[in-house]
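Per TrEMBL, signal peptide is recorded for 1-19. The feature domain 'Chitin-binding type-2' is assigned by TrEMBL to 39-105. Look at TrEMBL and you will find CYS123-CYS135, CYS130-CYS148, CYS142-CYS157 tagged as disulfide bond.
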Amino acid sequence: MARVIVLFGLLCLVVVTIAAEVRVKRQDDDQDPDSINVEELCKDRPGDEYFRLSTEGDCREVVRCDDAGENGVTRLAKVRCPTGLYFDVLRQTCDWKTNVKNCDQLGKPRKVLPILKTDEPICPEGKLSCGNGECIDKELFCNGKPDCKDESDENACTVELDPNRAPDCDTNQCVLPDCFCSADGTRIPGNIEPQQVPQMITITFNGAVNVDNIDLYEDIFNGQRQNPNGCQIRGTYFVSHKYTNYSAVQDLHRKGHEISVFSLTHKDDPNYWTQGTYDDWLAEMAGARLIVERFANITDGSIIGVRAPYLRVGGNKQFEMMADQFFVYDASITASLGRVPIWPYTLYFRMPHKCNGNAHNCPSRSHPVWEMVMNELDRRDDPTFDESLPGCHMVDSCSNIQSGEQFGRLLRHNFNRHYNTNRAPLGLHFHASWLKSKKEYREELIKFIEEMLGRNDVFFVTMLQVIQWMQNPTELNALRDFQEWKEKCDVKGQPYCSLPNACPLTTRELPGETLRLFTCMECPNNYPWILDPTGDGFSTK
């Protein structure tokens, strides 16, 4: 990654109790410091929101309100970012100093909230109250545009608060193959006994496919490593556009790997993704798919998955776009490390876990889309001895891994955590650059794969293959004839072209840049980009 973001969840928290009567200094630019007590400071403030007590001094230190003190006394839990990092109060995370631009802000802007819970109704049936007491239709809340004069109808739109949120899981209505849910996310599809469930492992890669990583992919997926059903092991590639060699993507698809999209521009502003409009997500993801289909010559409609850059989920707008464009699944939402991992689920009903990270912009409404949830990995060296630590979602975000030996322990411990509980799919999610940073990482992963393939109940499959099994849960003793996993079982042969076109292209969207587009197809007129994804030229209105 060009930039490493240290997630707030990876920090060690130090709780400091401060009596409610203690005075706290608050510094404003336009007025003298005033003092307020902790109870007042914490009034109507979410317990998971971190803020500064002063803008003077150290930008590393923040606090949050904690009402778990003795006798109900509110206290402040203090957090200090590691050396070299500052706390970003808008994104609620520690980040490199150069990336944090709000050290002069005490906290997130306070928004006016609607009045949703009252002892007696204050609005007619079918209407709800804005923060100022104005009543508007319930369906206008959280629709993406302010309808209240104080705009409060767009300020309580989380999975828990959205008045039009998806209902809780109802297993009488939610039935396979089209719908799957459970109250806590841990139920096995088909209610199969764990011992009869194949332990699926998904290996995924994010980013451009090119000469920097093709050798790694060929080393891992060498055509000789086979699942217990006799078919080659597979991976899933979330492909970003810039610098991608589409002839290499075409060959990955030919060999049976799954190609999904990771956006067209991969803009490095996380807020662009969190706050993106329907049209932003349409241009980024449908545009990326159009480019891959055209220049990697993928014509079978198999590009059905999405992963958001930086895992910054775009809320309901992203998922509305996905449903309209026939994307089947998203693979961006993370689930906090728990004793039992979570199975993928559909979003017809409410997601079965808290919105973890992702700027808390998970979809709150009902959507006909699968969520291939990213279960956090347990990164402890010795889970039987080490104290509990927050999990990590990408393998390369497990910052404590410094050697191949540590990496191997992480792989085996997390395998056992899934295998010995409900056998939810184990996701190993990588950036190729991390695996290539040390030869021992690559060697340890291959060693782990070969060790797992020595069993008769472990399968390395794509995201789509996980969904196919969940839609038709099949016990281990019948998996050899499971037809959905037999497609492109043992692919041989040569790439479609050995000498792809190396098209030197420009676009007015990226002035001053000349980029090579490697493809077996004909060169386009322009370098494909957000306003011209085919490269044929800009349409005029």
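Using the three backbone atoms N, Cα and C, a Cβ is placed for every residue, glycine included.
Please treat TrEMBL annotations as automatic predictions, because they have not gone through curation.
Bear in mind that the values here come from a model prediction, so they are computed numbers and not experimental data.
TrEMBL feature annotations superimposed on the structure.
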{"residue": "CYS123", "record": "disulfide bond", "Cβ contacts under 8 Å, 6 or more apart": "SER129, CYS135"}
{"residue": "CYS130", "record": "disulfide bond", "Cβ contacts under 8 Å, 6 or more apart": "PRO114, ILE115, ILE136, CYS148, LYS149, ASP150, SER152, ASP153"}
{"residue": "CYS142", "record": "disulfide bond", "Cβ contacts under 8 Å, 6 or more apart": "ASP153, GLU154, ALA156, CYS157, ASP162, PRO163, ASN164, ASN316, SER364, ARG365"}
(message) Please give me the CB contact count at 10 A for CYS135 (disulfide bond), counting all chains in the structure.
(response) 16
(request) Using DSSP reduced to three states, classify CYS135 (disulfide bond) as helix, strand or coil. (result) strand
(message) Please report the three-state DSSP label of CYS130 (disulfide bond).
(response) coil
(request) Starting from the Cβ of CYS157 (disulfide bond), draw a 10 Å sphere and report how many other Cβ atoms land inside it. (result) 23
(request) Using all protein chains in view, find how many other C-beta atoms are within 10 Å of the C-beta of CYS148 (disulfide bond). (result) 22
(request) Calculate the per-residue pLDDT averaged over the domain 'Chitin-binding type-2' (39-105) and state the result as an integer. (result) 85
(request) Indicate whether CYS123 (disulfide bond) is helix, strand or coil by DSSP. (result) coil
